[in-house]
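Down below is the structure, laid out as C-alpha cells.
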Amino acid sequence: MQEINRDAQTIAAVATAVAPGQGGIAVIRLSGPQAQAAVQSVTRIPGQQSWESHRVLYGHVLAGESGERIDEVLVLLMLAPRSFTGEDVVEIHCHGGVIAVQRVLARVLDQPGVRRALPGEFSQRAVLNGRLDLTRAEAISDLVAARSQRAAELAMAGVDGGIQKRITALRDRLLDQLSELEARVDFEEDLPALDGAALLEELQRVRGALQQLVKDGQVGAALRQGLRVALVGRPNVGKSSLLNRLSRRERAIVTDLPGTTRDLLESEIVLEGVPITLLDTAGIRATSDAVERLGIARSHDALASADLVLLLFDLSVGWTPDDEALRQRIPAAVPHLLVGNKVDVAVSDARAGTSGSAADIRLSASTGAGEAELVQAVLERCGALADGSLLLSLNQRQGDLAQQAADALARSAQVAADGLPWDFWTIDLRQAIHSLGEITGEELTESVLDRIFSRFCIGK
C-alpha cells in the first residue's frame, strides 16, 4: 500500500445503533493516543481496579465539575497493537437509548485531542495499521448491513479472508508470469526459450477465474442489496392480493372495487435468501379522481426504478388492449414477466399478449397456485438465483476491478495473437496485477481509501 498520512488525533463514536427506547446497552468506542487518558478523565473507577489491557473495569461516567453521575458503565481497555485498529482502543459500555448515550459521548468529545470519528474511520485505521486487509474491512461492513441469512454467510466468508486469499492467489500467478516475461526481456540470450503458448494458457485460466468471480458478484449483489419488484396492472387484477400472499400478511386492502390501492405500498420479504422490496402500485387507468391520479403517477415512477416488473392481468377476462398499453409503458431496460392471475377461474382462450403466446406465469393469488413457479421466475429473471456452491461474492468496487483485470488479460492475449515481442505482453499484464492489488488494498491512495470508507457506518 502506498504511504498515507496518519491522523494522530483520537477519534470517538457510538459503535452501536441508537434509537429511542431500543437497545439495553450501547458502546462508545475511542481509538488513538489519548483514548485511555480521555476515558480516565471522565470516569470514576472505584476500588483497586487496574487499568490493564484487555481487562473490564466497572465505574461511572461523571458530568464535569459537578461530579454528577451520568451513567453506570463498564470500560474495556485494549492497548496497541492488540486492538481492532492497532491503536489504543477504549470502549465504554453504557445504557442504551438516546439521552444517556449522547451525554456520555459529549463528555468524551470534550476531552483534549478527541474528535468525532468519520464514517468508517475505525476500519480505515485498522487497514492502515495492518490489522485488516481491505477486503475483510469491506466484508465487515457487508455483514453489518446484511438483510438475509445468505447475505450474512457470504459476508462472513469475506471476513474470514476468503476474498483476500482468492485474489492474492490469482495475483501471485500473474506475478510469476510477469517475472518470466521480464527475465526474457532483460536476459533472453542467457535463458531457455519461453513457452509462449503455456504462458498464454495460464493467463487465460486466470482470466476465466476472474470472470467467474465477477459473475458470482452479480448474484451476491442481489443478496446484499436486494431487488425492487413492481406489481403493475389494471385495477382489480389482483396486485394487492399477490402482495399479501407473498408477504404472508394483510399489507394491502383487498376489495372487488377497482382503484382500491391509491398509493404506492412497499413490503419487505425474503425469497430464497434474496431480500425483495415488493411495490404494489395503483391500478393504471384513466380517472378523474385527483388522489388516484397521484397514485397512478407514482406507479409510473415505480416502473422506472424497479429491477423487475410483474405485469398482472386477469385470466378470467383475458388479455385486453389496456394490458397491452401497460406493457408498452414498461421501460425497455427493465425486465418484466407477464403474470396471469385468477387461474382458478380462467377463460379458456386467455392469452398473454397480442402475439398469442402464453403468460410467463399462471397463478392464483387467492389460493397460492403457481406461487413457487413465480418465485423461481423472479429470481432467474433478475440473475439472483444462487445455489449453495456460491462461496464468495465480490462487491461492486471489487467486481469492477476484477473485470478491469480480466479485460487487461484479454488485451494481452490479443498482443500475443499479433505476434508482438515479450515486452508488449507486460504492459497489460502489469495493469491486471495493479487492478487486483487495488482489490486487496496493496495498490491504493489516500483519496481512494477515503471514498471507500466514507460509505461505512459511523463507529465502524
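Backbone N, Cα and C define each Cβ position, glycine as well.
Feature annotation from Swiss-Prot assigns (6S)-5-formyl-5,6,7,8-tetrahydrofolate binding site to R29, E91, R131, K460; the stated evidence is sequence analysis. DSSP gives R131 ((6S)-5-formyl-5,6,7,8-tetrahydrofolate binding site) a coil state; it is part of no helix or strand.
Annotated domain 'TrmE-type G' per Swiss-Prot: 226-383, in sequence order.
Positions annotated as K(+) binding site by Swiss-Prot, on the basis of sequence analysis: N236, T255, L257, T260. N236 (K(+) binding site): 20 other CB atoms within 10 A of its CB, across all protein chains.
DSSP assigns S240 (Mg(2+) binding site) to a helix. Residues annotated as GTP binding site in Swiss-Prot: 236-241, 255-261, 280-283.
Here Swiss-Prot flags S240, T261 as Mg(2+) binding site, drawing on sequence analysis.
The Cα of K239 (GTP binding site) lies closest to that of R29, out of the binding-site residues R29, E91, R131.
Within the set of binding-site residues R29, E91, R131, the entry lying nearest in space to S240 (Mg(2+) binding site) is R29 (CA atoms). A Cα-Cα distance of 58 Å separates R131 ((6S)-5-formyl-5,6,7,8-tetrahydrofolate binding site) from N236 (K(+) binding site). Summary for the binding-site residues R29, R131, K239: the Cβ-based neighbour count within 10 Å is maximal at K239. N236 (K(+) binding site) sits 54 Å from R29 ((6S)-5-formyl-5,6,7,8-tetrahydrofolate binding site), taking the Cα positions as reference.
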